[in-house]
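Trainee: Heads up, here are the entries from Swiss-Prot:
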type: BINDING; residues: Met53, Gly201; note: substrate binding site
type: BINDING; residues: Arg128, Ser174; note: ATP binding site
Amino acid sequence: MSAVAPHPVPAPALAAARAALTERAPLVQCLTNSVVQTITANALLAAGAAPAMVDNVHESAAFAQIASAVLVNVGTLDDDRARAMGLAAQSADRSRTPWVLDPVAVGGLEFRTRVARDLLASSPTVVRGNASEVLGLAGAGSGGRGVDSTAGAEEAVEAARELSRRTGGAVAVSGVVDVLVHDGRTLRVSGGHVLLTRTTGAGCSLGALVAAYAAVEDDPLVAAAAAHVHVAIAAERAAARAARPGSFATAWIDELDAVDADAVRADLETSGRLA
């Protein structure tokens, strides 16, 4: 009888990552889009991290050297933002600061697609996007409908693996079931709630949380998985007491704060969330 293959991400590692985030309060530099700055900062604060929206061309590189992690989100892009993002990513790469690329709406628009592909040269620790964005970034698709995906996560698995090989980092594809890949490993994370898709900035906040976890966890697959699990548990708990988008958004931030390492551990013992 053949031995059962070990799980690519042991559940105890995710609970340990949650505890580490709380204990270490990483400083996360966010070069993110103007639509989502408030919810992104609030999500980081709720999770126990410290946000810093240092995104100008004069300071982005210097701050990336002292930050615990960096988020680069190309959602609202112009020439100055693109330059600041490039400088921050290069600085993070040189300083070995973990950084996350969120290729918002990449694939269908030439400018942001070129900028995002250029950023890959700075070896992001994690790329996090929906299926259409990952396909577009890898050159295997033409993008989705704006920020919304027109493809399922499973359709982007091979593109994600190719991006992971190219960058050396993990790639996380969001969907009904999220698919995460790195170094020959593939992990699926289920759960969450449909109200996340009706909350402006929920996905962008997830990218910031991936960065926060990458600051306290050296394995990029574990870091990405910890963020996805944290967000999913918080969303399910929020939806249990808030049935509409406005109240859900507030409840979700509350639950990001409430979900601690013990909650992660208890959930993973019974939920079957990981596959």
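Cβ coordinates are placed from backbone N, Cα and C, and glycine is handled just like the others.
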Trainee: Distance between Met53 (substrate binding site) and Ser174 (ATP binding site) at the Cα atoms, whole Å?
Mentor: 24
Trainee: Which of the three DSSP-derived classes (helix, strand, coil) applies to Arg128 (ATP binding site)?
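Mentor: In three-state terms, Arg128 (ATP binding site) counts as strand.
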Trainee: Provide the number of Cβ atoms within 10 Å of the Cβ of Gly201 (substrate binding site), excluding the reference atom itself.
Mentor: 22
Trainee: Taking 10 A as the limit, how many CB atoms besides its own sit near the CB of Arg128 (ATP binding site)?
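Mentor: Taking all protein chains shown, Arg128 (ATP binding site) has 31 Cβ neighbours within 10 Å.
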Trainee: Could you give the Cα-Cα distance between Gly201 (substrate binding site) and Arg128 (ATP binding site), in whole Å?
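Mentor: For Gly201 (substrate binding site) versus Arg128 (ATP binding site), the Cα atoms are 14 Å apart.
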Trainee: Across all chains shown, how many C-beta atoms besides its own are within 10 angstroms of the C-beta of Met53 (substrate binding site)?
Mentor: 15
Trainee: Does DSSP give Ser174 (ATP binding site) helix, strand or coil?
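Mentor: DSSP assigns Ser174 (ATP binding site) to strand.
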Trainee: Taking 10 A as the limit, how many CB atoms besides its own sit near the CB of Ser174 (ATP binding site)?
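Mentor: There are 27 such Cβ atoms around Ser174 (ATP binding site).
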